[in-house]
Amino acid sequence: MTITGEGSHSASRWWCCTLKAPNHHQLARDSRKRTRHRTTHKRRGSAMKRTKTAATTTTTRSEGTVVPSILELPPTDSCSHTSFNYKFYRYQYLRPVAILYIALAVILANVSAFEPDFVYPLENVTVAKGRDATFTCVVNNLGGYRVSGEATPARVAWIKADAKAILAIHEHVITNNGRLSVTHNDYNTWTLVIRNVKMEDRGVYMCQVNTDPMKMQTAFLEVVIPPDIIYEETSGDMMVPEGGSAKLICKARGYPKPKIVWRREDGREIIARNGTHGKMKATIVEGEMLSLTKVTRSEMGAYMCIASNGVPPSVSKRLKLQVHFHPLIQVPNQLVGAPLGTDVTLICNVEASPKAINYWQRENGEMIISNERYLMNENESSMYAVQMTLVIRKLHKSDMGGYKCISKNSIGDAEGTIRLYEMELQKKTKSAHRVNSVEDTSGNDEINSTPNIDQSDESNKIHKNGRLYKGLQAGEHDLISSSTSDASVRVGRVNLWPLVVGALALALTHGNTPRVRC
């Protein structure tokens, strides 16, 4: 039996499924269902062609899953949906692909949420030339990150930014520089070490991670150099005449550029003179050149040039300024008196530059040579001032007279004169005792009419007021005979009027003319 017509295909299916006589009502229902299914399939086919995909997906936002729409369940009537089941099983291979796609999306979402990032900023480094410099870069989440389109993980690279030169990648040094090294602590820290830093190492350094987009940090390496005096361009010791001008120059190298200041070694003020502002005094003067005008002998001495730039240590150079002038002699005491047998000291103060030759002479031109009786000494009080001393021991009669202190240098000479005279203190004391004995034994009213003076009191007042010299004792004689210069000066200034009065009284008593030597 052959079934033809519109329902032949459905009838065939129906027969193969039921093996029963056809039911017209059932056939009509099946026909309507087939029509609806055909329309649905046509619509689905058109959508698939427009999107050029094998299946469309619908996403359920609440659950976060993706389900292909073609996997929807067919109607419960399996006998009437044979063609649909065929298409369903045709696309059933997409199920594992969809699952893998979903898992990959989740993994990528998790990885993208933990991209590499820097924990600490890269710090600038300042180091002195010849020392070692270190940069430290700390990166988290670098191990599991993969660069898009590449199978290798992200890596850390060191780059000198201003020169655009790659120094190292990960732990491998790229540049041909043996002073560079890179270390990694197997976790998240990369360290770049530059040994024996030079000036050409100065610049910007970059720690870079090859993510997409690239991430980086930069820091600056500052190379400093301690100051150093340039001796070829710096002045040395200088000599100028008094009243002249001097320019002291001091040059220094270093980075940053050193600052130059001037000081005097003895701490005294520096005197700067100019035409408009007159004289200016300062303990510290800044600048590479120190200009001194109308120089005086008081400005002679050592000057310190000090260079500093904030990088230890500071350096300095000592410059000595010599001011030349002819000798000048000052005599504190030009007239000195002392008794015979005592020690006396003669003093001359000399100023001269350059250093002078100093010596002593007698007034007759005889040069005095140092021996056991004559002791000569020189004591320097400054660079140009000297005190000359001549000590004459056990003064003799022949030592009385004039003495000259002479000073000579390459510019000129000068001399000072001192006169030494004898003081006969012992003889005057014996004469005073004779006057006292005559006054006690004589009955002359004229002599007794002299002012009443207690002799015992007078003998006890020796040297208290510098006027009475009766009853000189041994200890007091030693005091007068002192070898110090101060004692000599005191003896030379004794008031001689009481001695003259005593000598006159003695002459009136014995009728002799006394010899008074002052």
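Using the three backbone atoms N, Cα and C, a Cβ is placed for every residue, glycine included.
In TrEMBL, annotation is done automatically, which means it is predicted and not curated.
Per TrEMBL, compositional bias 'Basic residues' is recorded for 31-52.
The annotation compositional bias 'Polar residues' is assigned in TrEMBL to 438-454.
The domain 'Ig-like' annotation in TrEMBL covers 116-217 (among others).
Model confidence over the domain 'Ig-like' (227-316) stands at 92, taken as the mean pLDDT rounded to a whole number. Residues annotated as domain 'Ig-like' in TrEMBL: 227-316 (among others).
Secondary structure by DSSP for the domain 'Ig-like' (327-419): 3 helix, 55 strand, 35 coil. Annotation comment: TrEMBL describes 327-419 (among others) as domain 'Ig-like'.
Annotation comment: TrEMBL describes 26-61 (among others) as region 'Disordered'.
Marked as region 'Disordered' by TrEMBL: 432-461 (among others).
Sequence annotations record features per position, and here TrEMBL assigns transmembrane segment to 93-114.
Residues in the domain 'Ig-like' (227-316) partition by DSSP class (helix H, G, I; strand E, B; coil) as 6 helix, 47 strand, 37 coil. For the domain 'Ig-like' (116-217), the DSSP counts in helix, strand and coil order read 3 helix, 49 strand, 50 coil.
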